[in-house]
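See structure below.
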């Protein structure tokens, strides 16, 4: 991989128009991470290959908006649920419906395929859970007990249990063999939005609107951890790593990596994916998809550069009024059981069947009516045959060596915005424009230019100071004021000479700083950059040394801290992110030294070196306290810079 790509931890893969109306649900194929299904208010389900903006096929048939969609384990079937309560199961290889299931009285809010049998579970706004055998057109059992909508369902890896999460704040565990509740977990204080089983251990994770992720031991049926620190409610986006050793949690503007026993946050990576709706792990990369109105965006996080051990202890679970126990030395010192998966199937352990009349009583005329609306509309025959009808290997299975989605080249325009002193973000060049999808969206209203934001985002697509409306077709009433070619060219080239002069001056200053660095040291080079009174030069230097913590010394901190205050109060998001990254490095590597030096007892006699160090530490402490107030005031902002300020606020708590 090229050196330019080594700073990429996360990037936007694509952004495209997915439906002609609002997108209501998304689902990734968990086995490959390469397939994406989207459901919309246009009553359709569209299927996509991740990283391609052309729709493979569209699944019609629903008469009301699609509210839920899910792939099976082998990704050759898909189940969809609508606002009216109807469910459809599609065979992707045959491109047709194999079952239409009805029985819920309200909107479908969750769906899950059994890991290896022909069963699926559905949860609804009517508070009921139904287990279906879609091979026989009927539901096997109806589970009741939740008092509000069922938001998430998950089968255990061995296929014996079903976990459900509800708006009533509870998580229930059901025994499929006995058809009854095993236990109920009630520690959440708000709606529970998602549940996930650990792939190896008897462990269950649940995410809630109370902004926490809780971990439940399924042998002792008790909570063993509460992973907190999310600034927003935990939606449907949590997933265990394939080895089950850590948990990924997707928030509005970041990805957190959690461990447990003791509870700790291993890493936090800033990702600007917005309303992230689903996660999948593929080839040491985490794929995330988000939605906004009718558009869908996909993002990639390089897990090889994400920390999965160490981290700061969040807290230890306390029981009743007893003090919290000391954290254990190693995670899972008492090993839990592993799931026993059958080698061929679980036909020897059939689920207790209680058939409902509506599943079996269907006439031949109803079957004929199903066939009329059972076929998918294939828009991309080449991709469809490659993915779902391959001659040899299944192409949706990712390669085991090469990365499926390589990082785009770093154009240098983005800010350094990752925790642990690393760089992340998506460049405008790599993101691309919104691609057209099939079916095409409805015509939109005339484009209007929004007022310029106070913070100029680093990932913007529009140039600053250019009125885009000048180059758009004018309304008939305004034809008289249309721009001529010469006037349009003048608008485009306005300020070009000024920009050239500014860039030439910046290049000359950087050459000066480079020569000082080569001749003397980095401290003198940074002093020279500061003396030029050009903040962009300081940002360029900091973006280099932020990537190498070994370059930092206490002398450097005394020079950088006054400049960080200017960066944090800048209107440019890229400047803010650079300042935040530098401040994180200083807090992590030098706060202990500063604190210990200032609190140490006076030495006997005269120690010039100690006095100089004490003076530098005192100056740094004074600057850090000033910066703490700046960070606190800006922590309420939204976006990538707001997330960075909130993380800094937690890091600077010792100053108080």
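Note that Cβ sites are derived from N, Cα and C of the backbone, with glycine treated the same way.
Per TrEMBL, the feature repeat 'WD' maps to 16-58 (among others). According to DSSP, the repeat 'WD' (16-58) comprises 0 helix, 23 strand, 20 coil.
Residues or ranges marked as domain 'EML-like second beta-propeller' in TrEMBL: 33-185.
The repeat 'WD' annotation in TrEMBL covers 59-100 (among others). Long-range contacts of the repeat 'WD' (59-100) within its own chain (CB-CB distance under 8 A, at least 6 residues past either end) are made by residues 24-32, 35, 37-47, 106-113, 115-116, 120, 122, 124, 126, 132, 134, 137, 370, 373-378, 384, 388-389, 396.
Sequence annotations record features per position, and here TrEMBL assigns repeat 'WD' to 101-142 (among others).
Annotation comment: TrEMBL describes 143-184 (among others) as repeat 'WD'. The average pLDDT the prediction assigns to the repeat 'WD' (143-184) is 89.
Look at the repeat 'WD' (185-226): DSSP puts its residues at 0 helix, 25 strand, 17 coil. The repeat 'WD' annotation in TrEMBL covers 185-226 (among others).
Residues or ranges marked as region 'Disordered' by TrEMBL: 317-373 (among others).
According to TrEMBL, the compositional bias 'Basic and acidic residues' annotation covers 355-365.
The feature region 'Disordered' is assigned by TrEMBL to 387-447 (among others).
If you look up TrEMBL, you'll see 494-652 marked as domain 'Katanin p80 subunit C-terminal'.
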